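Listed in TrEMBL:
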- 1207-1240: coiled coil (COILED)
- 1076-1090: compositional bias 'Polar residues' (COMPBIAS)
- 1106-1116: compositional bias 'Acidic residues' (COMPBIAS)
- 1064-1116: region 'Disordered' (REGION)
- 35-55: transmembrane segment (TRANSMEM)
- 75-93: transmembrane segment (TRANSMEM)
- 143-162: transmembrane segment (TRANSMEM)
- 169-186: transmembrane segment (TRANSMEM)
- 247-267: transmembrane segment (TRANSMEM)
- 302-322: transmembrane segment (TRANSMEM)
- 334-354: transmembrane segment (TRANSMEM)
- 852-874: transmembrane segment (TRANSMEM)
- 886-906: transmembrane segment (TRANSMEM)
- 947-965: transmembrane segment (TRANSMEM)
- 971-995: transmembrane segment (TRANSMEM)
- 1339-1360: transmembrane segment (TRANSMEM)
Amino acid sequence: MTFCSDKDTWDPFQLNPIGAEKEEKRRCFELFQHLVAGFVGIMVLSSAVISKGSLLVLSTLSSPTSTRTPKERQYYVLMLVCSLVVPNLLVFLKSLWKCAFKNFVPPNMRTMGIVCGIECLVSLGTSILVLVVMPQFDVLTNLFISGGVCMLSSVLQIAFRLQRENWKIIFPICSLMLVLTGYFLLGADYYVRVSSFVSGQEDDCYWYVGIAVFASFLVSLTWWENPVQASNNMQEMLTELDTFRDFVFVISSLLRIVVIAAVYLIYHVLIQENIAWSDFDFTAKADDDENTIARHRETLDIGLILLFLQAFFSAACHWFGVVACKIHSVRMSFAFPVCFTGPAVLILGMILFLTQSEDLAGADTTSITDFCSSLVELSTKNTSTVVMLEITKSICRTSLSSHYWTWPFSLLALEGICMWLGLITCTYYVWNFRVQRIERTTELFVRRLYESAFIDLSLLLNTKMKVVRTRNQESVVDDVENCVIYLCATMWHETYDEMLKILTSMFRLDRYRGDPKEEHKDVFDFECHIFVDDAFMIEKETGKKFVNEYVTDLIHVVIEVYRVFTNKEPDDVSIIETPYGGRLMFVMPEGNMLYFHLKDKQLIRNKKRWSQIMYLYYLLGWKGYIVKNPQKITRQNNPCRASLISLDGESFLLPQHDNDSKRKHISDDNTYIMALDGDTDFHPAALILLVDRLRKYGNVGAACGRIHPTGMGPMVWYQKFEYAVGHWLQKTAEHVFGSVLCSPGCFSLFRGSALMDDNVLKRYTTTATRASEYVQYDQGEDRWLCTLLLQQGWRVEYNAASDAYTNSPQEFKEFYNQRRRWGPSTLANTLDLLHSGNETVKRNSSISRLYIFYQIFTVSSSILGPASVSLMIAGAFQFVFQIEGTLSIIIAVIPPIFYMLICFLAKPNAQIIIAAIMSVLYAFLMLASFFAIIGDMAMQGTFITPTGLFLVSMAVMYLVTAILHPQEFSMIIYGLMYFICIPSGYLLLTIYSLVNMHIVTWGTRETNKEKEEKMTQNVLCDRNCKLCCWDMKLQVTQETDNLLLQQLQQAVNPNTQVTEQVVKEQQANTKKEINNAPNEENNKGILSNDDSVDSIPKKESAYSSIEDDNEDDDNMLYDGSLYSGFTEEEREILPQSDWVQPVKEEFLKKLTYANMKRNLQEQIRYTLRNKNQEDVCEELVMMLTDTVNGELKDKVGPEDVLSDSQLEELQYALNEAARRILKTNRMERLERRVKRAIEKTLIAPQVEKLTEEEHDFWKKLLERYLAPIVDDKAHKEEVTRELKSLRNKAVFLYFIVNVLWIVATFFLQAIGNDVISIKIEKIWPNGTSSGEYLKVEPLSLMFLLSFAVLLVVQFLAMLYHRWEDEEGLILENQIANGLVITSDDL
């Protein structure tokens, strides 16, 4: 294969891959952020006002001094009881849900007893305050008195000294003093009321004031855990409590409900004796007049409406408050609206009082006293609004209606101000509350339960005073634990465009990580590794090994991408021969490392799983070993490289070893492996979100993102909707119920310590020997690795906001072959997990027995998939062609049986062709069925038909799901394509996968170029001459041409300098002579080509590494030589394989005259980009370009590669010119940077060798785990026989189960609709009943049982994930501090 010319002077044009441009915040997106934050803030404020206002109205209506009848007052008290019960009931259901789907941890009875006791006291205080005290007070007092519940929080803040700055202790001290002052003013206010004979005030009010203070203290116990956890006291108990908190909430919520009921019954039945159970009967009696009936209806409506408003908007306020924190709008959308809820309620009440009081019929508005007196007469009239009348009358119970003086009303006003200021000063920390990029509700708020009676105070006091930030990326940089990320992409015959995607993504991450202009606080280091399977080919005639066309494309892509991002060629390239093939090493623009590992299938096992084992052992095993044993890191004598590595212009020695030395401070828990495919496209934000998740939750072993298939055509359209539904419903349900079962290898982040755990990586190296192992291990390696993690106790999570894009099969054949691998592997791994269910439940806290049952139900539905689809097709036949139910079942099962026989008899290609034809026919049938159902609904005049209900419910379900995923709403367009392809995807594909289970080839990206290929490099002329019986082949190569030119030049001018190509040829000949020489001294310490490639089983020959421990690192700088750092003798005797020289020549093109000028200009600009010296920079660029032109013009051609001597002369001239310019501009401090930029421009690609230790590691790894598998013919036949036997068993199982299901349906259908059917009343669109009934036949019923039930369960899980789960918010991860969110993320 020939390396094509990369760039010519007349071809300056280049490809600019999508996404290579720098990410910038969009104005529209910033505006959208502010609009969302404003909307959430308004919703928090409005819902809090409605919740608080409705509770005040209920307490006013239930007051003994109200104008309502005793019967009505008791009804309103009951509504107050229900409003207190609702939040406890919600917490009970949610905690029960979590206990059911999580591993149960037995509680510590002592801790549980303490917590339940505190919860009972809190419930006692809340019940007394709301049910006993508040009905006795006026509405304004009830509004103000709730501020006193922050008492205990203030005391604990003072006691534990939680303030980071000592002066801030003044806040809780002021809060406590203000609350106590408020209670004093409350007592003084009621004393003045009694003394001034305010209407409705009795002497017993003092008792209620005392009870109110006591009850408020009990309520303040609610948030005892907040200051305690912030002070690091009782951490052992709190940590223990976290393990069984859900179970404690189940018990405590029931106890709270019991206490609420007990207070209600004791006070109103035993003490007040004012409950008559018959009063709760509001049904119309025979002797009731119309006014009585209307009043009862009005009372019912008012009570239920107020209860709904109070319960619903309390929950809504809590939810929107969580949203406000998660979108990082704490001040504007959370703190401000919640803090000003009380004043907002007061202002709104005053406005209503002033505007509506004049409209009260017959009210005397001459004075406030006369006005309040006139309300007594209105109490028996129904001409006024009940709520407004009672609120007005409650306000008149204050000192405003005093006949003597009204100035004591100021006491009430001062009480309200003190209580409100006391709350604000107690919760001052909320205004500086910082939220991480990913934050669960349990880490934002101390308690899951909210107090609906005090929703604003509950949100403020429940906000954590100090979130524990052991690994928080948003805190001070010194507190952040650094992490290292190894991006590992596996390639198998990718196209040029696919390679362009993955490399563009890696260079984007390099720019994100290293650009100092990026404002982010992520602390991480990373390396990029690309493992290329089947990277070499053998030339037929000579037997020489060269890189194949895929590696050639990869080299061209990396040069192209480097040029796009930097407008220059790669600076530092190293070519290394390795025992597994070869390695190319690059330094990316910002200084991060990029490696290409070229695998030779004759030396190492190919395919994805073995590539994963290769990089896991290399990165976690070998690199982890040298980190723990730093003395093993051998210093290479390669001084040239040190001058080329620059992060913002600063030099580092040996970047790959520098990264390894950094890792010594990083634990295995913070070492992450990012598994990628060779065609994955992602943005840095997507990766950082996965990193945040693993940083935050120590039990998460792997995390995956949302995978988007790309491509064109009907097959891609089908997969777009299939992937969307799979992530929206299936993966979300797994995340909610337990743990994700499969983290796809195209975009998943794994924790190093999880992979290094027992029974994970070691077992992952198992070579398949049995038939079932071939299916489970090699056909779906990603799912098997996740199964091992789950069985070891690690959790696998899904992050919906982390988007990645990968190519999907565009051809029908490729799609079927891909799913032929995935289907059996998925089933095998799921059955393996279910088989070890008992042990997994014990080990894994995320997996419960109920989750195992859910997976059993899922597997059962999957096994019954062919029968379910057959029943659907039978229904289509019955509906479209009006065929009898039993006959339609018989017709529907004939095509699947026919296709199954075809799969057993025909070859795979013929099977796929027939499947494609049948898929088209089925699609027409499904489309006809779709329009026939719509037509039937139009004819019937209603959609309340069995088929109509199914179609409409499915459409509504998918539409709601799409609406809840607004960024992916467009996927709904492909829903029709998915619907008509259901028979192909769930019936024919299942049959094809099962019958071809014995085929264990990859099936995708296969190549026909298995034969040896011929490598023609730099061929200038290739002619075949035939004369009679004499054939002659004439071939002129670039080397031959250069040799002839050299001879001609020497003949003309003996002093002419030989070209670099000739020098290389001579060096190559010298190497061959040395390698063939028997003298051992010449070969001492040199690893021969045969040793490095063909002698893996043999004992490794040692060689001495060049090392000088006494040499200072600062002296390891460039010494003027542009060679690879070895001496002249060492360079000549360094052996090279045949593939090295062509690869090196490809990168040498950067040293042509034409490329060098551009590279030098961009290198200077890049080096001085942050020095604010644009004028000096441009002057340097202009003068150095002139220097290059002056030195090389008329000496070399634009496409000629400069020789070493020319490079040395040019470097000296450039350094002198730069020194003069900088001295003239008095910028001598930049001279070192500029010289390094010149060195980087002139450096040639290096041919290096591995250290002795790493070479020994690779040999042992290959020998132990990765040596190519050579199976004899007998073993292959035995495996084939076992695979076919396994195939037959699986097909028989599937066949029997599905046949039994269809036969059961057939007999139920044959019995008749009248015997077994479900009747549904037919309703017209206007809501009236038609008097007719529609019957759900057994055919439809069996289909619904096998298909629709699972879909509904997953839909409910999706709703929970979107609205309730801690990670379900769409905006949670995207509106993130420090991350650049682009339009692609929208």
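Cβ coordinates are placed from backbone N, Cα and C, and glycine is handled just like the others.
Bear in mind that TrEMBL entries carry predicted annotations, made automatically and left uncurated.
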Among 75-93, 143-162, 169-186, 852-874, 947-965, stretch most in contact with the transmembrane segment (971-995) (C-beta, under 8 angstroms): 852-874
Dominant neighbour of the transmembrane segment (852-874) in 169-186, 334-354, 886-906, by Cβ pairs under 8 Å: 886-906
CB contact flag for the transmembrane segment (334-354) and the transmembrane segment (143-162), at least three pairs under 8 A: yes
Distal contacts, the transmembrane segment (169-186) - CB-CB under 8 A, six or more residues away: 141, 144-145, 147-148, 150-151, 153-155, 157-158, 161, 163, 209, 212-213, 411-412, 414-416, 418-419, 421-423, 425-426, 428
Winner by Cβ pairs under 8 Å against the transmembrane segment (247-267), considering only 75-93, 143-162, 947-965: 75-93
Chain residues in Cβ proximity to the transmembrane segment (947-965) (below 8 Å; excluding those fewer than six residues from its ends, i.e. six or more beyond): 724-725, 728-729, 800, 875, 879, 930, 933-934, 936-937, 940, 971-972, 975, 1320, 1340, 1344, 1348, 1351-1352, 1355, 1358-1359, 1362, 1370
Within the predicted model, mean pLDDT of the coiled coil (1207-1240): 85
